[in-house]
Amino acid sequence: MSGLIQAAKSLLLLEFVDAFFLAMRQFFSPKPTINYPYEKGFVSHRFRGEHALRRYPNGEERCIACKLCEAICPAQAITIEAGPRRNDGTRRTVRYDIDMVKCIYCGFCQEACPVEAIVEGPNFEFATEMREELYYDKEKLLLNGDRWEREIARNILMDAPYR
């Protein structure tokens, strides 16, 4: 009996008709892709993108040269040189370099920082033509922090209940 039913389905081309209607249903459904350079997709507040050094609202850099980020980095992509202690007993960095070629974007540096100085910001479009441009120094990191501070602060605030 099942052979007879199978022969009838084949004769009436039911599989073809089912496939045709499935294709038509998908053809008129909304497209799942976006037109990337002109449209941006959703980026989570936990996204780990381009690194940035943050400043306090008074303009002073946050990094206290504790070197925890350098110690915890599994790729050894961070190099820090601390300056001499200032009159108030605090230290600041003289050199803060990140080799973005080595970085694996794990976020350990951000988690280890006690003053939220080093963060991975929301920027994911930092492709370059020269490899040397992926060696970030302190000035480049501070510029990134200044450029993305509003979004970085919002992302940290949104993630605060889970820390």
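Just so it is clear, glycine is given a Cβ too, placed from its N, Cα and C backbone atoms.
Swiss-Prot annotations:
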- 53-83: domain '4Fe-4S ferredoxin-type 1' (DOMAIN)
- Cys63, Cys66, Cys69, Cys113: [4Fe-4S] cluster 1 binding site (BINDING)
- Cys73, Cys103, Cys106, Cys109: [4Fe-4S] cluster 2 binding site (BINDING)
- 94-123: domain '4Fe-4S ferredoxin-type 2' (DOMAIN)
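Positions of the features from Swiss-Prot, shown on the structure.
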residue : record                          : DSSP class
Cys63   : [4Fe-4S] cluster 1 binding site : coil
Cys69   : [4Fe-4S] cluster 1 binding site : helix
Cys103  : [4Fe-4S] cluster 2 binding site : coil
Cys109  : [4Fe-4S] cluster 2 binding site : helix
C-alpha spacing of Cys106 ([4Fe-4S] cluster 2 binding site) relative to Cys69 ([4Fe-4S] cluster 1 binding site), in angstrom: 12
Densest Cβ neighbourhood among Cys63, Cys66, Cys73, Cys106 (binding-site residues), 10 Å radius: Cys63
Pairwise CA distance, Cys103 ([4Fe-4S] cluster 2 binding site) versus Cys66 ([4Fe-4S] cluster 1 binding site), rounded so that it is a whole Å: 20
Cys103 ([4Fe-4S] cluster 2 binding site), number of other Cβ atoms within 10 Å: 21
Rounded inter-Cα distance in Å - Cys63 ([4Fe-4S] cluster 1 binding site), Cys109 ([4Fe-4S] cluster 2 binding site): 12
Nearest-integer angstrom distance between the alpha carbons (Cα) of Cys73 ([4Fe-4S] cluster 2 binding site) and Cys66 ([4Fe-4S] cluster 1 binding site): 14
For the [4Fe-4S] cluster 1 site built from Cys63, Cys66, Cys69, Cys113, further residues of that chain with CB within 8 A of the site's CB center: Ile64, Ala65, Lys67, Leu68, Glu70, Ile80, Cys109, Ala112, Pro114, Val115, Ala117, Ile118
